[in-house]
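Trainee: According to TrEMBL, the record shows the following:
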type: REGION; residues: 1-44; note: region 'Disordered'
type: DOMAIN; residues: 87-171; note: domain 'Ig-like'
type: REGION; residues: 182-219; note: region 'Disordered'
type: COMPBIAS; residues: 184-194; note: compositional bias 'Low complexity'
type: COMPBIAS; residues: 203-219; note: compositional bias 'Basic and acidic residues'
type: DOMAIN; residues: 221-312; note: domain 'Ig-like'
type: DOMAIN; residues: 320-410; note: domain 'Ig-like'
Amino acid sequence: MARRLLGAGSATVLSAPEPEEEAASQDPGSPHASVGSPLDGQKEYKVSSCEQRLISEIEYRLERCPVEDPEEEAPWGDVATEDGVAPLFQVKLRHYKIFEGMPVTFTCKVTGSPKPKIYWFKDGKQISPRNQHYSLQSDPDGTCSLRAAAATLEDDGNYTVLAANPQGRVSCTGRLMVQAVNQRGRSPRPSSGHPHGRRPRSRSRDSADESEPIQERFFRPHFLQAPGDLTIQEGRLCRMDCKVSGLPTPDLTWQLDGRPVRPDSAHRMLVRENGVHSLVIEPVTARDAGIYTCVATNRAGQNAFSLELVVAAKEAYKAPVFLEKLQNTGVADGYPVRLECRVSGAPPPQIFWKKENESLTHSTDRVSMHQDPHGYVCLLIQGATKDDAGWYTVSAKNEAGIVSCTARLDVYTQWQQPAQSTKPKRVRPSASRYAALSDQGLDIRAAFQPEASPSHLALSPGLVESEDL
């Protein structure tokens, strides 16, 4: 039957017996015998690399997210931390491919101390123990199982078992592929003489079966990642990322308030190598606000999610401008000094100070930075020292631009009051040519004029006798 539906060359199809055959082939005392185990000449189903990446991502998230404890679960006993053992899977879940309507059982075995609590998930969503469709069972020896009596197409997916105790968490995942089967394609139960064989068929029947179309395998789209509601300012960039799985690969379409979003210069649909689909809007305008719906469609069905985009009104931006700039300033050593300026801008700009090439990031008890709502900016230095001298730069920045201005601060030492100097004494002239030598130097004219006589050098006030020198 499997070869007729999936092709004679398919080696990964697992045959499952009818319910009566299953009861005969299983050990009555072993309720966890897995349906879909490989039979003679058939191989176990192996997932693709893409599916394995999805499984790893699901396990990574589940091991780090909180889980809901069933009400009947009892708390762990008092076990010392050093005596505890983290959970460990001795037998992991396997991947199965079955036909619709057949039973299936996932089985694993886990150890740990204290005994781990077991949680089951399907496609990342926790399965409640009270679920009527699935039968969950945990044995004292650590064997755990999940069973579906009659698999449906909705059971197709990834089944993860999570084991947790105070020492840690561990998980493993099994993939279930449920094959859709036409009613006319079901093979009758084999005769009692051939309990595990196929009923002999005539050549004409075989050729007729081979002419039937091969049943393909489909997976309904499933969103692994979807964004929430967004609020974006007008003129900015908006990016909506999502990730979807499905077979064949789903086609994604975006809608705004029920109308298709067409790609243009402001709206782009991107697909990255890791399978993330993105709708990028740049720049965002008021017309882009509304309810966005992403629809993923393939031959197996469709899936969708919605979010609301709110576009905030664009503010009236104004680049910063200095109404009053810094001024070069000098101050005596030990005195306070203020470097002041005034700046305006919309929205109010952020202020940054620098001394030479060193940023002043925070205020101290001696050097503090101040700014008021009216745009006045001040750098206050208490007790200036020589080390404070240098070039200071203040910068004002907002979304519309940036502006800077620079000034120099000089710190000088206080000068002492100069002592009062006495008037220099002058020498009384005499007939000697050296009589003109005074504390101001030698009077050349008086010293070297032969015709000069003492008569024209009258005694003037303030002169003293040369003997007094």
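Glycine too: its Cβ is placed from the backbone N, Cα and C atoms.
Keep in mind that TrEMBL annotations are predicted by a computer and have not been checked by a curator.
It should be emphasised that the depicted structure is a prediction, and the values quoted were computed from it without experimental measurement.
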Trainee: What are the DSSP helix, strand and coil residue counts for the domain 'Ig-like' (221-312)?
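Mentor: Its residues fall into 3 helix, 59 strand, 30 coil.
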Trainee: Tell me, roughly as an integer, the mean pLDDT over the domain 'Ig-like' (87-171).
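Mentor: Mean pLDDT across the domain 'Ig-like' (87-171) comes out at 89.
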Trainee: By DSSP assignment, list the helix, strand and coil residue numbers for the domain 'Ig-like' (87-171), in that order.
Mentor: 3 helix, 51 strand, 31 coil
